[in-house]
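Peer 1: Mind having a look at this structure? Questions to follow.
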Amino acid sequence: MTNLIRSNFQDHPFHLVSPSPWPLNTSVCLLNLTTTGALSMHNFNNIHYLYYIALIGLVSAMFLWFRDIISEGTFLGDHTLAVQRGLNLGIILFIVSEALFFLAIFWAFFHSALTPTVELGAQWPPIGIEPVNPFELPLLNTVILLSSGATITYAHHALIKGEREGALYGSIATILLAIIFTGFQGVEYSVSSFTISDGAFGTCFFFSTGFHGIHVIIGTIFLAVALWRIFAYHLTDNHHVGFEGGILYWHFVDVVWLFLYISVYYWGS
């Protein structure tokens, strides 16, 4: 006869999360990371050591947080259909909030570009600024990023069809293209004739493209975790919320880059 304890069961499909230190840990590390990053730009002595400590702490907290979520969803069965719907809604709302953030960035760019002040020479780009040629490295990066969107879509459809090998190859191709894109973006910054300190043009250019680059790095980590989970047989054809969230996020990154290329690189030059 099985001895069942009523307190071990629940009469609802939702996941009541246990107390976790990782949200607070991650928040503190993010605060230290942004603070030390800002201070390092003002030449505070040895502040970069604290920056690296905060970065290591953030990566460690993310790893441990991912570990707990994977255990809850894959091995403990806490991610029911109701929980999956909630997670999908949370991902969508997060992407909407990010879209509004980029809207503010584009607003700042067009405000400066459409009504250039006397200090900028009453023209855009300002006098003395040589903008990046949109038909060179930016165009190549556009092709690379759009190609990565196609490969991750292929991986998604392969996983739905139960073709694990196709999902692995598609995800690997996407991550490689993302790394190449990030590398080319770094090359573009290193050879640029202007900096973030060169007035409104430099600030808008580097802030918009740099913030997008941060999102590319975050999306790459997102997809790398999903790739490992596919390799470890964690994901199935009907239970892969994390992978779908990473794909939605990646398509959002693609769309934002198209707007950046058209407005900042092409029209803005």
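Glycine is treated like the rest: Cβ placed from N, Cα and C.
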Peer 1: Per the topological domains given in Swiss-Prot, are Phe44 and Thr236 together on one face of the membrane?
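Peer 2: Going by Swiss-Prot, Phe44 and Thr236 are on opposing faces of the membrane.
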Peer 1: Which stretch from 81-114, 138-161, 202-230 shares the most C-beta pairs under 8 Å with the transmembrane segment (49-73)?
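Peer 2: The stretch I would name here is 202-230.
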Peer 1: The transmembrane segment (202-230): which same-chain residues, six or more beyond its ends, come within Cβ distance under 8 Å?
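Peer 2: For the transmembrane segment (202-230), the list is 62, 66, 70, 74, 98, 101-102, 105-106, 108-109, 112-113, 129, 131-132, 145, 152, 159, 164, 167-168, 171-172, 174-175, 178-179, 181-182, 185, 189, 194-196, 240, 242-243, 245-246, 249-250, 253, 256-257, 260, 264, 268.
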Peer 1: Counting only residues 6+ away from its ends, which parts of the chain sit with a Cβ under 8 Å from the topological domain 'Mitochondrial intermembrane' (266-269)?
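Peer 2: Residues 109, 113, 124-125, 131-134, 205.
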